[in-house]
Structures are given as C-alpha cells and as structure tokens.
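Working notes for the structure below.
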Amino acid sequence: MTDASADALTSPSNSGASQDTSQQNAVVLLSGGLDSVTCLYWAKARYAKVTAVSFNYGQRHNSELVAAKSIAGQAGVNHKIIDIDIAQLGGSSLTDHDMTVPDGDADKFPTHTDDIDNQAIPNTYVPARNTIFLSYALAVAEVTDANHIVIGVSSVDYSGYPDCRPEYIEAFEVMANLATKAGVTGHKLHIQTPLQKLSKAQTIQLGNSLGVDYSQTISCYKADSEGRACGICDSCTLRKRGFSDAGLADPTRYAG
C-alpha cells in the first residue's frame, strides 16, 4: 500500500474532525461504484453506526443500485434508497438518453483540481448532483444523529466535475453547520472525503486493505441490466488504469 493510502486508512480525512470517532455515527453516499464502496468500508472501520444512502435519480446505469443494495447488505449497514427525478431536468448524458456518453481518454483527465479551468467539463456531469445528494444526506445525518457525512470525491484522478473540488466540500460543510439544528446546537457536522488526495490506484489499494470485493462494484456509465461494463467510458477508463497502476487484477465484468 502507498503512503497516501496508509494515511487515509489511519487518519480522519478532514483536520476539523475529532480524532476519536468510534462512538460517533456516519452517513455514507453509496452509488455502488468503486469509490463509494471504498468509502463505506472506510467508514465501517471508524464509526459506531453507518447508514448508507443511495439515489434513484433517473440514471441510465441504474444497475449500480442493485450493487449498492447487495453491498450494503453484506456490509451489515442500514441502507436507504431515495427516489429523486433529476432526469426530468436533463442536461447530462447520464440522465438524458438523447445524449451520447463519450468514450474515455486517460490522457485528458485532470490530475489535480487546479487543472479544471483548462479542461472541458464532460457531458456526464449531472447539474448540481453532489449538492442535491449531500443535502439529502444532511437530512439523514440529522435524523440518525450522525456527525459525519462521507463522500467519495477525489481531486486527483477524476472527470473534472466542479462539485468534486475540496473548496466545494469546504463550502458545503460551512453551509451545513449554518443551516441545521445539529450545527447551531453545537453538534458540528463534518463532510469527510477520505479519497480526496488519492489516485484511483491508491483508492483501490486502500479498499483492498479494507477487504472490499471490487468485483461487485459497478462504475460504468453505460452498465447493462446485468451490471456488465462497457470498458470505454470515462469511468471505465479511470477504473482500468487504476487497477493497472495498483498492480492488481481487474475483476470488472465487461460486456462482450
């Protein structure tokens, strides 16, 4: 395991978080993909009670929800699937079937959020998705007495989405503590991003050390009804490169 992966395993991801979280609760955003499942297992190793939250938002790759449900069950955590019809808004190839999901190109991905201004944001970006998801997770956190919300964003190997940047996460955390009963009564909420500084390979190494079975995860933007990946979209391209760079066999089921 790399030093960065080891640090993510042993340290809280945000400096403002309490060092001792073993008696605290967490909410994990769980899509069923590689990053979010790694976050689920990371959270299970840290918090007393973990609630996983997934969203049925009209995504074309909704087989990821089947994976999320199965993985949450195996992990032994409470799992909520929330229905939100983001698809009616359009604006993303992940929700609009009239738009084409582009093929991936490993050479074009930003390697740090500083590069985002020089990159075209791909049409797989879903407008305001992380803001919507985090807002629902915030409500679940208040109901379940959770002090932590865990989300699998990264600013190293990523597709260039603006709502994956650390400054966005920091701003949301400020808002969360201004806008909630928990925040104003002294029960500070923390947005945890354990993968923020990890490459895809480092994320995979971290998950491997935590016992994640990546064969059950679905990352593909065009996964079929059986969860088989296309192998060529942005997400598949990053995932393939991650396993290769990590020196581990890729357990992904590919179509064809």
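Placement of Cβ uses the backbone N, Cα and C atoms for every residue, glycine included.
Feature annotation (Swiss-Prot): of 1-22, 111-132, the stretch labelled region 'Disordered' is 1-22.
In this structure, the binding-site residues under consideration are LEU40, CYS220, CYS230, CYS233, and the one with the smallest number of other Cβ atoms within 10 Å of its Cβ is CYS230. Of all the binding-site residues in the record (GLY32, THR38, LEU40), the one with the smallest CA separation from CYS233 (Zn(2+) binding site) is GLY32.
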